[in-house]
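Student: Could you have a look at this structure, given as structure tokens, before my questions?
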Amino acid sequence: MWLLLRRAYPLRILLPLRGEWVGRRGLPRSLAPGPPRRRYRKEALPALEMPVSPVTTTEIRQYLRAHGIPFQDGHSCLRAPSPFVVSSDIKNEKKDAPTSFCLFIDKTTGHFLCMTSLAEGSWEDLQASVEGRGDGAKEGVLLREGPEAEVREEVLRIWNRAIPLWELPDPEEAQLARVMFGLTKVTDDTLRRFSVRYLRSARSLVFPWFTPGSSGLRGLKLLGAEGQENGVQYVETTIPRPGVYHNLFGLPLISRRDTEVVVTSRELDSLALSQSTGLPTLSLPRGTVCLPPALLPYLEQFRRIVFWLGDDLRSWEAAKLFARKLNPKRCSLVRPGNQQPRPLEALNQGLSLPRILRTALPAWHKSIVSFRQLREEVLGELSNVEQAAGVRWSRFPDLNRLLKGHRKGELTVFTGPTGSGKTTFISEYALDLCTQGVNTLWGSFEISNVRLARVMLTQFAVTRLEEQLDKYEEWADRFEDLPLYFMTFHGQQSIRSVIDTMQHAVYVYDVCHVVIDNLQFMMGHEQLSSDRIAAQDYIVGAFRKFATDNSCHVTLVIHPRKEDDDKELQTASIFGSAKASQEADNVLILQDRKLVTGPGKRYLQVSKNRFDGDVGVFPLEFNKNSLTFSIPPKSKARLKKIKDDNGLVAKKSSSGKKGAAHQNPEICLGQDPSPAQPDTSKSSG
């Protein structure tokens with residue numbers, strides 16, 4: 001083993017290639033000189049502008065066969081002999097046939113991981129190693145980076161200060177901790193097997209992250225409990241930060257002979273399941289937020305994987321998404337319900353966890369033959385109406401009253417006049433969802449990512465940070481922890497490159513909301529047709545198909561066609577043919593009256609809502625200091641009838657909901673009219 005040192009660069013440990021197919025081409029591109037990076041830099045999505053096509057499973061198989069490399073076809077990875085392991089190391093292990101096949105190659109991305117040496121790299125790195133030529137030059141592949149010295153010291157300091165619950169000197173303190181975390185029925189033996197400790201100073205449970213195959217400590221997760229009016233809320237802190245914390249809690253207890261595993265979203269649930277069923281259990285490091293592809297090799301050995309992630313529809317949707325990564329044919333899902341709560345709650349309620357596991361539904365079926373396969377899904381939506389409506393905005397309550405929420409698999413088209421603040425509004429719109437755990441990918445083709453990030457950081461802090469630079473690091477650290485990613489594209493790009501990047505983001509980062517700003521700037525290089533309208537229709541159709549196939553919400557910003565300044569924009573004002581509005585599930589229009597009357601109000605109009613048909617208009621107020629939109633404080637007035645284009649008064653909504661009307665009747669939120677004057681408000685209001 002040898003070390004590579006660079007001035008002003010972090011220490012990198014590399015492992016020389018061993019075995020029959022050793023390459024000799026120099027270092028991988030990941031070690032090329034470049035600017036020093038921060039310790040916890042959020043990875044930018046790779047730009048696909050370069051002539052590098054995404055690899056397919058067929059291409060990987062053909063490449064391995066062409067170079068005489070044996071491989072085994074797995075569920076989500078291909079297994080091959082590892083060139084990073086000395087043959088004597090393999091002989092020292094148990095002589096199982098699959099033991100030497102410890103190199104896992106992801107079928108979707110081509111990324112590889114050696115389970116024995118922990119060497120990893122991209123598909124291009126692996127190709128360079130196989131095809132390399134040269135005399136005497138040694139090839140190296142980057143090992144998965146361990147924690148830096150500062151992080152390692154902090155991990156050891158906390159771990160050494162933490163003690164097992166049963167060793168607490170005060171029995172009342174131990175009992176209080178058990179009650180606080182719901183562990184009254186979890187035995188000391190279970191806590192001991194999973195090496196769970198308790199940090200008295202922080203009143204937190206401590207869950208360890210051990211290096212696979214050894215007892216080395218790589219990180220920790222601290223779980224604190226805060227009392228709320230509606231129960232206990234758990235607060236998680238990971239060391240290192242969430243983006244690099246890849247701990248499958250319970251992995252050291254898994255043996256090679258295990259063929260079935262139950263996957264949970266919380267460590268507490270894994271404790272309850274293991275104790276009640278005796279089955280192997282694993283807990284995902286970031287719960288229902290994402291399943292990093294780096295963890296897939298550790299799940300390859302299982303023939304059956306049961307997801308029991310939680311008791312709400314969001315957990316159910318996450319389970320279905322994760323099953324697609326792992327091959328749905330081997331996955332089963334525990335449906336949320338009154339008699340099927342979280343595993344820990346089920347244990348505390350005296351329910352039979354093995355019985356609940358037997359009710360798990362297969363994640364894959366060839367076809368729907370009758371209502372029988374759908375009835376439980378329908379019941380779930382009827383029983384959880386608010387959750388079925390999607391994630392609700394915290395900054396735009398009137399948008400919740402109209403759209404009800406942000407749902408996966410939908411296409412939203414957003415338009416507004418030039419200079420009205422479309423990008424500023426849609427950035428806050430997406431940021432609101434991102435702060436609630438909606439993994440978001442931004443494709444900004446008109447303005448740079450630096451400028452966009454500056455706007456979003458200002459909106460996140462709700463203050464101008466240029467006037468408070470001493471607080472920048474604090475807010476930047478909090479902003480960096482958001483599940484937010486940016487495409488590195490700028491200007492005109494082909495739809496194929498953009499879709500490839502979006503699919504990569506969905507697979508690697510579990511992105512469920514993509515923002516494209518905007519369509520006209522992106523489609524400049526589209527050579528599908530000389531007819532610009534036809535090209536736009538094709539692109540809109542591609543985004544529609546992507547949203548449906550990947551269960552990912554796509555928000556598409558489109559400039560309107562040229563209209564007179566004294567006229568309001570309509571759905572027909574969207575540039576191009578009617579295909580954009582036809583394909584869209586939601587159509588949002590930012591109406592800007594200041595272009596006609598001078599400085600004035602802006603309104604957000606929901607002109608299409610496929611979910612339940614409610615449409616309407618509500619006012620916005622722009623705060624220049626925080627770059628945010630908010631509802632004017634004086635808008636707390638009754639709903640008013642407005643006239644349609646024919647001068648007829650729209651009928652009152654039959655739903656009776658404030659701020660909502662069915663598809664054609666629009667409702668405007670405005671001030672109460674004076675009692676001495678008739679109500680003369682119009683839809684432009």
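For all residues, glycine too, the Cβ spot is worked out from N, Cα and C.
Okay, so Swiss-Prot annotates it like this:
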type: REGION; residues: 1-122; note: region 'Contributes to single strand DNA binding activity'
type: TRANSIT; residues: 1-31; note: transit peptide
type: REGION; residues: 54-214; note: region 'N-terminal region (NTR)'
type: REGION; residues: 122-373; note: region 'Required for hexamers formation and DNA helicase activity'
type: REGION; residues: 215-335; note: region 'Primase-like domain'
type: REGION; residues: 406-591; note: region 'Maybe required for stable oligomeric structure'
type: BINDING; residues: Gly416, Pro417, Thr418, Gly419, Ser420, Gly421, Lys422, Thr423; note: ATP binding site
type: COILED; residues: 454-482; note: coiled coil
type: REGION; residues: 641-685; note: region 'Might negatively regulate ATPase activity'
type: REGION; residues: 642-685; note: region 'Disordered'
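I'd like these features described in context: how deep, what's nearby, how far apart.
Tutor: The number of other CB atoms found within 10 A of the CB of Gly419 (ATP binding site), across every protein chain shown, is 9.
Beyond the coiled coil (454-482), the same-chain residues lying 6 or more positions past its ends with a Cβ under 8 Å from any Cβ of the stretch are 40, 42, 241-243, 423-424, 427-428, 431, 434-435, 440, 625-628.
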Student: Using a 10 Å cut-off on CB atoms, tell me which of the binding-site residues Gly416, Pro417, Gly421 is the least crowded.
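Tutor: Lowest Cβ count within 10 Å among the binding-site residues (Gly416, Pro417, Gly421) is Gly421.
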Student: With DSSP helix as H/G/I and strand as E/B, how many residues of the region 'Primase-like domain' (215-335) fall in helix, strand and coil?
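Tutor: Helix (H, G, I), strand (E, B), coil: 40 helix, 37 strand, 44 coil.
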Student: Name them in sequence order: residues not among Gly416, Pro417, Thr418, Gly419, Ser420, Gly421, Lys422, Thr423 whose Cβ is within 8 Å of the mean position of the Cβ atoms defining the ATP site.
Tutor: Leu590, Asp592
Student: Can you check how the pLDDT averages out over the region 'Primase-like domain' (215-335)?
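Tutor: Looking only at the region 'Primase-like domain' (215-335), pLDDT averages out to 92.
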